[in-house]
Each structure stands twice: as structure tokens, then as C-alpha cells.
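> Shown below is the structure under consideration.
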């Protein structure tokens, strides 16, 4: 970054913002880079500001029982805030004085006051000086207030982040990541620009008092008629605002539903394509879009009427103020024009500035209270341990994650007994809820000597991770004592990678030791991986290590823990993502050898690890099931083995018995969504997280329309969808609605829905920060949105008369009432959705984009012509007013000759009053009617254009090849459907209309003034040209600065999420200060771009004002010096001149807004223009013998349910297959060739990242491929993509459950009747799972099916494959994270339903591979071996290395003799089961 010219700028340069000219020049000539941005001053640095506020907040905490954050802010910023408020007030006072001078100028042309004609020139000079004074007062004041708001935001950002790192885990379990992002983005954005409006809470009343005093002098009591009308108008607009909110509320639920489905589609686009669900998803989303658009139109119409009412009210304000006075006493022209000018200022103060100011204070104080509450939450306390011992001792330790759970349980029990539960299985309710009534750990006793290895095992939710958290001090014991040496190193169950190099991630701030580092790298099997990178271990990893495989991330996390020299190492399931061979090598070389002299506590689920551990602790439901050695385990706990053995007899049970066992076993996991498998904390479940049963669950999702729009979400909950009534409460955070035409809803993006364990529980579920840290969150069906990109400038809803820049700014800000971010957000994708990648879209929207947009709908051009025709009609109506003046001039002369010395010349007399009244009202009504006719068709048509563009973009994304989609972030795609479509729906129609109307008003006014004084036209032309040139000059730089600001905003939030995910690791390593420094750097980077944007914007606005002042000086003196008799002409010219330039100033700003919004259209067009998948693959369809291909075409078009001729056997032949993820990328698979016979089962073997899953994707034509694949002799080039994929059944690695009913999830095309679906559900053991929910097949699943365990979801995928009647089945890690019983269910179903099918299986479990006849071994992207298991075991191979000799002797009987099959499976289960303890008692 460069040094800022502001440091050496003169006072004049600072006053006129001339120091920004260098960056404006550079931005106009070339594309700006981050290096071009100026450095911030020390006063704006996050370090200084946070230190200053933190000092005052600590002082507030120490001195008072009830500390107030606003007091700390006041001590930091009050005097500067007050100073700029006074400047702002003085600038506003000049607006009230201007009409006085205007009246005096008009009065100087009074025929009876010829003596005053000589002072007109001086009055003109005074009027011009007032404009200059206003410019010099307002702009520094606005900029200063923006600057203070920015500093407040930075200081609070830092304070919140520091507090986040200190929060206790119990508090973090109650806070969602969305709440934290809301504090940082939504609440704090209110300070950034809203601070400039805060002073109007006292300025506006003073302004009204001053204006009413001046109007009283002119019109006496009649002036209050106009004020009363303005108050009524404000109330009317508030009513219209509430009506609009009603439509917004209704519409928000539909937007939510659409975006939930859309996000699920995008996140699982590979599964959608694999299942051939493109048409079903498109139809589903478009149906929701239709309903949404009906409500969008209604809201847009009300909003249009609202803003139009404000604009056209100008006629009636003046009319009602003047009429009573005129009827009683008559009125002169001077008073009319002066009244018009006063009423314009008065109307702005009453209907805009004061409501906005109250709203700003209401929002700001609410935000401060939220932040204050957050800053007072309980902090993490490091427990005081006995530092003299080198052992770990726990004595009768009991702990709860949630305090007061017993009371919560009793309340739930009372609710249940009182009959609040409408229907359903009560046993289900209590079997789930009983988990919460017990402590997470209870009566734990163990002792580990120095250098020993303690293996901790147990079923899911047994409390294994909680045990480690207890040792780390994250969980405080309720009873008992803990002792250990205190120096801890920790490896999380889910790998955490910070942005930086591999080396930085491993060293993690510890002093570098070359020998130790190399030893750790070798022991953690990272040498080979690092050697593949060109930069070796200096390769920079993205946030979360997204460029690495899961296994690589896990090994880096383990290496970080091992590298630190500690007394105690806590390893929480570090081998979860490793293949069998790698896991075996790391356990032996790293855990057993390298760390042999260290005390280690290892959470594991492997029998081999238990054998080699010095001590074993088995937990079951929070209690110690066993503590001792492995030999003692076999002797003292024989039931531990018998339970495993019992699983082998599972197939012998009846179907009802199997379903009962399955339901009872999985029921324990169903509460935590995907918490089955290795996720360890289902005790910290939704009941506890909600805090209380009746709490209304908040919205999830970061608003995609960053700082543009707010929507209120009111959506049917799943209970309501399923026919169960729910008590709805008004949200406690409803906003005070004072600004009638602002969008005061909540957010537009989806809400996760109710927990649905049946009809028995009406509590709410949300993802807490603790769940983010433990990854026990639902990672499907959630949305971010997304985007905290740079604010698009705010839009006007209606043209304004005689607006100052402050009025314009205020109006713009009203459309940005703050980004109301809801309580939740999808943590998994937050990093992707905070900003869009820097896209190849020009800084200024091209004319081609405008042309394409106009031609999207054939009627749009005609509507634009219609607007022009209406405009001409309005001009004609305006001529009536001038005719009126002309008609009254003779009467004026007559009246003046008949008048006495005490009577002024009048326009309206008692004899002509009613005649003039009817003409005036007629003109006003005509303009009102014409205005409505002009705008509504345009708004209606532009919303239709948005509908068409959404349809085209949705179709394009669904049918785009994966190679194209792989180059895009999910968040970037989702932003197109959320942020950009919302802009097209809401902002763009009214903003385009606004711009067109403003331009036409300016043209019309210039024409009228030029007709009255042709010389003024000569002055207007160069001024308009200057405006256009200035706009083009500024726009190039401003758009680039906003783009850089957007990029600078992203690291702030990604750093927050990164820190939260690794918070336990940060604390264990003591790296909080380092991460605070990184956060401050991110803040400073964003501050530099935002401050420069504010400065250049102020430069632009000030230059507009300066041009306006020059023009007004010219108009004033031309009109004064060239006008003879006729006060009316001078009044019209000066009044219109003031109106022209303020309107033209706003028109220029509006054009910038339109250009900014049209960038959303450019991005939508970019997605519409993506290549289609079919065109990429389709070649001429070759005829096939016996008409087989034509029957395939029937399958494609009609989704026939009967068995089709192709494929009939399932034979697969692959020749020279090469696959790439993206065009031009590296080959993931090279020259793969093999063949599979019909009905054969083939297992894929290979290390993590070798390309097994990639091969399955290539078979489905999801990648860029070369070579040939044939199924039953039919080449993939001779059939369509859809036909090809329907030949395969798929169980993907990432399970896809979209928001919808069970029926829709199993059969989205509606091909099968209920009888057939229930039959398949019986086959796969899914019936009892579905029957426990109300509505059965019609029960609505939400949030990626969070009420289902991972096992349930795998069964859903299995049922889909059975329904597909496919002859080829592809399975990608189907047993991942499954408990033994569900695993046995899936094995049995696969044997029965797919007995005659060809199966390709990618699996890490050795037992699962035993069903395969042949194995395909993939190494280094190529096929190394393709043989039977016996052949592979007899040769040196990867498969042989993974199996020990003793295991081989046990496995062979399974293949050679059916009599010994049972015993072999028992042995395999003993060795490989991931859950050692399962309670299957019914």
C-alpha cells in the first residue's frame, strides 16, 4: 500500500477532498489493485481504536454494577460527534433561509416597490452565498460523521472478536455463528453510514419550528393546514408501509422455500445430475417462484404508490397552505413561490428526516444493547490444576454441558402430561429427551501415569470428546477433581487448517526445530504429499485447507499437535479420514514410537488401538463402562464381545424385528442430524440449544443483498406443514416501523425449520458455535449467503423536489435499513458465500448488457415509449398552469389600479377563487393520474423480465457441465439466485423508473426555463455535459473501489469462522494474541478501501454541488438582469432552477445506482451463457439393432416404470479413460481400462486421494473425460447424458436429502404409487423410520433431513436406488459413519435388492470389501492391479499390506466355506467395528 496524500494535504485540500484526485486519475486510466490503495492513519487502525474502547469498557465494568456500552462509546467519540452535528445543523439552517431571500427577490419586482429593484442583485449574491455556505458545511459534516461511524464499527468489531475468543464453551453452545456474524455485519453496519442521520432527531424539530415561524409570518394560521396534511401523509405512508410489510412477510416465506431448495440443489448438484433430477428440481423451484412473484408484484405496487404519493403530495401541501389564506385575504405571487420553497423543506423534515432519525436511533441503541449483552457473557476460565504431578487423574468427575437441565426436563414432562401434544408416540419423545436429563459425564474415575497411552472408546454420544474438553478446561466439572501437569497439546476430531502454509500450520507459532519438524512430518506420513507440491511445505493453503483431501488435513492437524512439546497429548479420533494402511503406519510410527515417552489420551474406535493401549476407558452414556487393560476387558466384560457377535445373527431376525432394532438403535442418533458415527456429542442437542421450548427459532442465512434490502421471513414451520398447529409468537425483535417506504423485514434467505421428532416437540433447533467446532452440524440444506460484499449504493424510490445532497443521502440510506442477519447460517459454506470471486465483469456496465436487458421481454420497449408519451402529456398539463398565470396577469393590473395603498396586488380574489381552485385541482389530479399510469406498467414489465432471467439462469445452471460448475464457488452461484435476483425483483424496477422520471423532469424543467429565458439554456448545456463527464470519470474508480472493498470484507468474516472452528486448538496452543493481530490486519485492509471510497464519494458529491452553485449563480443573475416587469417570471425561473439542479444532481447519483445494479444483470447473463452439458457430449445418435435405443428414448422422455431392454445385463467396458475436473486441468485418472461382467461385484482399492470416487464420477459422465465406456455394448457417445445416467443406481458419499416430503425425496418425478414405495421401504428397513413421523410419507423433511441420522439417510439413498430399477449400482463409502446395526441392514439390502446387478464399491472397511469378486487397485491415477482377493493377497499389493497375516487366515474361510461364514464375519466385525458399545435392548 502507498502512503496516503491525506497526511501532507493542506486545509483547503482536506476541505474540498482534492487529495483523492491521484487515485481517481489512476482508477480512470487503469484497473486498481490492492497495492494502489492508501495506508490508513494510525487514528483509524484497529489496534488503537480497539485499545481505546476496550480501556473505556473495562473502566465501565469496574466502576458500575450495571455497565453501559453507550457510556464507553460516548467517552470515546462524543465531542467530535457533537461538533459535526452542529455543522450539520448550520448547513440545514441555510435551507430555511434561502426561501426568504427568494421571496425578497420576487418582491423587488413588485410594481409598487420599485425602490427595492436596486437591491435584487445583492439579494441574488446572498442567495448564491447561502448555497456555497451549505456546500462547505454539509460535506465535511457528513464525511466526519461517516468517519466516526467507521471508527465505532472498527472498535466494536475488535471488541466482539476478542470477546469471542474468551467465551466459555457453554456460552458458545448457545450462540450460533449467524448471531456472531449478525453482530459484526448487521448491527455494526448501522453505525457506518447511519450516524449521519442520527442528529436529525433534534435538527428536524428545530427546523420545523423555524419553518413554521416563517410560514406563520407569510400565511398565519393557514400554514398549519399544510403541516397537518404532511403529518397525515406521514401516517398514510406508515400505513402503506405496514401493508407492504404484510406482503413482504408472506413473500419472504416463499423466497425462503425457494432458496432452501436452490441452495440444496447447488450444494448437491453432482447428486442431482447423478440421479437425473434436473427437470424435477427445475419444476419444483419454478413453482415456488411463481407464488413468490405474485406477492412481489403486490409489494412493488404498494411501494410504488407509497413513493408516488410522496412525490405528488407537493401540489397539495402548497395548495392546502395557500388556499385558506387566499380565500380570506387574497395572495400575491411572492407568497406563493416563497411558500412552495418552504413547503419543500418542511415536507422533507416531517416525512423523511425525523422518521429516519428516530429509526436510526432505535436501530443503533438496539444494536448497542445486543453487543453489550454479548460482551457481558461468561468467559472461559482456565482451571487451576496441580502443576506438580506428571500424571492425569480424575476422581469421581461429573459434568453437564448445560446447567439446569433437570428443571428443563421437568417442564417438558409437565407439558407432555398436560396434553399439549396432539398425537404421536410419547415413548419416542421421552426416549430422546431422557438423554438430556443426565450429565454428559458421570462419576468418571481413572489415572494415567506419565508416558502411558490411554485409549478412550465408546458409542456415539458417550462423552469421549467431552472428557477431553474437561481436561482442557473447556467443560467445568460439577463434581469431582481433575489433576494433570497443564502443558497440553490437542488434535481435534475434525481437522482444522488455518490460512497459511503447511509449515505454518504445523509449527503454529512454536519455535522452529528442523530435526523435530522432519521427524514429525515423516511420522505423520506427510513426506510424500508435500513432495508433490512445487512449493513443498511452503504452499499456501486456503481457508479450511480446501485444496487438500480430508486425509491430508487430518495428518496436518495431527502433526501440529505432535510438534508441540507438551506433557499431555489429547488426540480426538485423529484417524477418521485415513485409509487402513495410512492409519496403521501413523499409529505405529507416530503414536507408539515417536510419542512413546509422552502421556497420551487417544479417542479411538479401532480394536487394534485398544490392544496396544496401556489403559482402556470405555464410556457409555456418560458413565464409565470399563476402565483397565485389554486383557481385563475380555475377562471382566464378556458382553462387550457378545454384543459385537450378536450383529451377525441380524439377518436371521424377522423383518419386524429388524425394523424394531434399527429404529431403537438409530433413534438415539436422530436428534443431532448427522451426528451418527464419529460425532461425539448428541447430548448437546437441540433441546438444550434452544434455551426454552417456546422460543421462536430464528432465521438462518446471511443476507445476500448486502446492505441493500431487508425482508421479513414468516414461513410455515414443518409442524404447520404437517398439519400440526403451532403457537406463533410475535418476534421479540420486531422493528419499530417509522419509515414508511423502507424495507423493514428480516432477511430473505432461508430459515432452518423446526425439530421434528414427531408431533411431540415444538422447540426450535439451531446450529451453535460449539456444533461448528465439533462439526456436528447439518451440512446440507443450509444457506449462507450469503454475501457481505460491498454495499451497492442505495436507491431512491421517487424523485424529490429541491433535494440537497443531505436529503438525497438520507433517502438513499433509508433503503438500507441495515442488514438484518438472522440467528443462523450454514457454517460449512460461510467462507464461500461471504463474497464473490473477482469476476471478469467490467467496472462499468456495458451497453450490450443494457440492450440485452431491454430485449429480454418484447413489451419492455413499448412500455418505455409509453413512459415518454405520458411525460409529454404531463408537460402539456404543466402548460395549463402557465396559462393560468397568463390569464391572471390582466386581472393583476386591474386589481392594482383599483387597489388602495393598503392592498397588495392579488392573483386570487373572492370572485375568481372557486374558478382557480377547480383549475388547480384539475391539473394536480391529472398529473397524479398520469404519474401512476406511467410507472406501474414499467414496474410490472421489469418484474416479468426478472422472472424470465431467473428461469433461464436456473435451466442453465442445472444443465451446465460439472467441469464448468467446478470452477465456481457454491456461494457465488447462490448469490446469483439470492442477491442478484432480489435486486432484479425489488431494486432495479423502481430504480430504473426513478432514473427515467428524474431525467424527464430535468429535461422538462430545462425546456420551460429556456422558453422563459433562452439565455439560461446556454448555461444549462455545458452544466449537463459537465455532469455527464464527471459521472463517467468518477464511476470508473468508485466501482473498482467497491469491488476491492468487497474483497477486503471477506477476510474479516472468514477469519472469524476460522477462529471459531479452531477455538479449542487456539486456546490449547495459546495463540489468541496472534489471531487477534491477524484480525486487526484484516480490519485495517478493509478500512483502507472503505475510507477511500467514502472520500472519493464525497469528492464527487462536492463537485456536483460546486457545478450546481456555478449554474445557479448564472441563472440568478441572468434572470435578475434581463427581466423587466413580471415577478411571476423571476419566481418561476429561480424556483425551477433550484429544483432542476437538485434533481439533476440526484439523477446523476441515480444513474450510478442503475449502473451498479445492472452489474447484477451482467452476472446473471454470464451464468445464462454457460455451456450446456448436452451440447458438450451429444453426437449423432446411432441406430441400434432391435429398436433397443428407441425404447431408451421412451425412458428418457416418459420416465417409464417398467424394466427396459437397456441395460439388460450390466456389463461395463472401459477403454483408455482419462478424466479431468476442469477444462485444461491436470488428469485425475489416466488411461484407465477394465471390464466388468454382468452381475459382478468389484471393489475399488487405493489410498486417500488416489481417484476412487473420481472413477465413479467419470462413469456417470460428471467429469471431462476422454476414451470410451460401454454398457451392454452401448457406447456413452450414442445416448444422451440423461439416458446414460439412468442406467446407474447411486449411493453417493455425500448424502442428499432436500427439503420436501419423504415421498418427494424418494420419488421426485411421482412415478411410483404408495404401495410400491412402502414395499421398497420394507426391503431396506425404512418403514419403521417413516412411520414414526406424522403424515408418514407426507412428512416434510427440512435442513437436509436433520431429524434423520446418517444411517437413516443412507437407507433413503438405498431406497432410491432400488426404486430406480438400475442394473448397475455405484457405492461411494456407503458405510462411512454408520453404526454396526445400520451397516448390517445396508449389507443385507444390497444382497437382496441388487443380487443380479453389477456393483462397483468404493469402501475403506475391509469387511465390506469381502463381498466383492474382484478388486481394482488404483495408484497414482492409474490402474495397478485388477484381480480377485486371493490373487491380491498372494502377491505384494496395497491390499496385502493393509491385512495382517493373522487376519488373512480368518478371512479366507469366509470365501471358501459357507459353513464358516458366520464365524469369519464375527471376527471381521471385531476388528473393524467403529462403535464398540451398543445398547440394543428393546
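Cβ from N, Cα, C; glycine included.
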> Based on Swiss-Prot, do residue 119 and residue 1131 face the same side of the membrane?
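According to Swiss-Prot, which assigns topological domains, residue 119 and residue 1131 fall on the same side of the membrane.
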> Have a look at 160-180, 223-243, 244-264 and point to the one annotated transmembrane segment in Swiss-Prot.
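Result: 223-243 is the stretch Swiss-Prot calls transmembrane segment.
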> With Swiss-Prot as the source, identify the stretch among 992-1012, 1055-1075, 1076-1096 annotated transmembrane segment.
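Among 992-1012, 1055-1075, 1076-1096, the range Swiss-Prot annotates as transmembrane segment is 992-1012.
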> Can you identify, from 943-963, 964-984, 1132-1152, 1153-1173, the stretch that Swiss-Prot calls transmembrane segment?
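Per Swiss-Prot, the stretch marked transmembrane segment is 1132-1152.
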> What range among 839-859, 860-880, 881-901, 1175-1195 does Swiss-Prot describe as transmembrane segment?
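From Swiss-Prot, the annotated transmembrane segment range turns out to be 860-880.
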> Using all protein chains shown, find which of the recorded sites 524, 1397 scores highest when you count other CB atoms within 10 A of its CB.
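Answer by Cβ density within 10 Å: 524.
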> For residue 1397 (S-palmitoyl cysteine) and residue 524 (S-palmitoyl cysteine), determine the Cα separation and express it in whole Å.
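Checking the Cα atoms of residue 1397 (S-palmitoyl cysteine) and residue 524 (S-palmitoyl cysteine) gives a distance of 40 Å.
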> Six or more residues beyond either end and a Cβ under 8 Å away: which residues meet both conditions relative to the topological domain 'Extracellular' (217-222)?
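Distal contacts: 103, 321-325, 328, 335, 338-339, 342.
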> Give the residue counts of the topological domain 'Cytoplasmic' (1-77) per reduced DSSP state, in the order helix, strand, coil.
55 helix, 2 strand, 20 coil
> Would you mind pulling the DSSP three-state label for residue 1397 (S-palmitoyl cysteine)?
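Residue 1397 (S-palmitoyl cysteine) sits in coil per DSSP, no helix or strand.
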> Could you give me three numbers for the topological domain 'Cytoplasmic' (941-991), the DSSP helix, strand and coil residue counts?
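The counts are 44 helix, 0 strand, 7 coil.
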> Can you work out the mean pLDDT of the predicted model over the topological domain 'Cytoplasmic' (359-859)?
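On average, pLDDT over the topological domain 'Cytoplasmic' (359-859) sits at 62.
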